[in-house]
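Worksheet: the structure to be examined is printed underneath.
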Amino acid sequence: MAKQPQPISPLKNFFAGGFGGVCLVFVGHPLDTIKVRLQTQPKPQPGQTPLYSGTFDCFRKTLVGEGVRGLYRGMAAPIIGVTPMYAVCFFGFGLGKRLQQRKPDDVLTYPQLFAAGMLSGVFTTVIMAPGERIKCLLQIQAATGETKYSGSLDCAKQLYREAGIRGVYKGTVLTLMRDVPASGMYFMTYEWLKNILTPEGKSVSDLSVPRILFAGGLAGIFNWVVAIPPDVLKSRFQTAPDGKYPNGFRDVLRELIREEGVASLYKGFTAVMIRAFPANAACFLGFEVAMKFLNWIAPRV
């Protein structure tokens, strides 16, 4: 295993992660919109065709009906939340790594990197859950033809007015179920690929841009292979009318399996995978560029 750059700085991870998250949203949000619309489209009645036949049909109809702005529907919520969310995510990963080190120069094993990644998933849920709730509601409202929310802030206000803080944080358990194991896979895969791609005798901090993009993009794909089933359940649960699923994700799971089969847990798979590589490649490249800048201006922090 190639030697990891030392020492680990959770503070630098915080700022560099925030910049990486902004890069991710700008690159990946259009396909995230497609993913949510595919996951939440209603089951067609007998003899009727589904609203969207697949990823490319959804993309075409959105672009024709709403223009490019339709692909970026609901982006304000993730942009507002993504900087602190990814800052906290990378901070949690850096902290998780540091907590497992006995000495500053200890090189962590892959199970330890996985554990550090899972800690980052716990850290981000406080920000992620309400942001995801608002984003999903705004993404599907254009497809239904109803305009209940004028924007992210209006959506948050209405949710709080109708059900209090519980309404804003609806789907938190499912967000945890998605992000904790997926984040472990995400960071472990990225570190593993960086080590593999590092030439003998070189440092991982000297990786070229194409290799960083490849490692980050592939890490995003591995992340979503783990995350898609709970993400489908989360999207359904967060956009359902109040009271539809009294037993939470168990009711959502039973309904999906009963009506649409196991394959329904991978709705939006194509959109997710097309988005995962470029979005996460941009995220990790942004993180690495920001980290190099921070190391340059504050080498001892």
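Placed from the backbone N, Cα and C atoms, the Cβ positions cover glycine too.
Keep in mind the model is a prediction, meaning the values are calculated, not measured.
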Per TrEMBL, the range holding transmembrane segment, considering 107-129, 268-290: 107-129
Same-chain residues near the transmembrane segment (12-31), Cβ under 8 Å, at least 6 residues beyond its ends: 59, 71-72, 75, 78-79, 82-91, 93-94, 271-272, 274-276, 278-280, 282-291, 294-295, 298, 301
Arithmetic mean of per-residue pLDDT over the repeat 'Solcar' (8-99): 85
Within the repeat 'Solcar' (8-99), residues counted as helix, strand or coil by DSSP: 71 helix, 0 strand, 21 coil
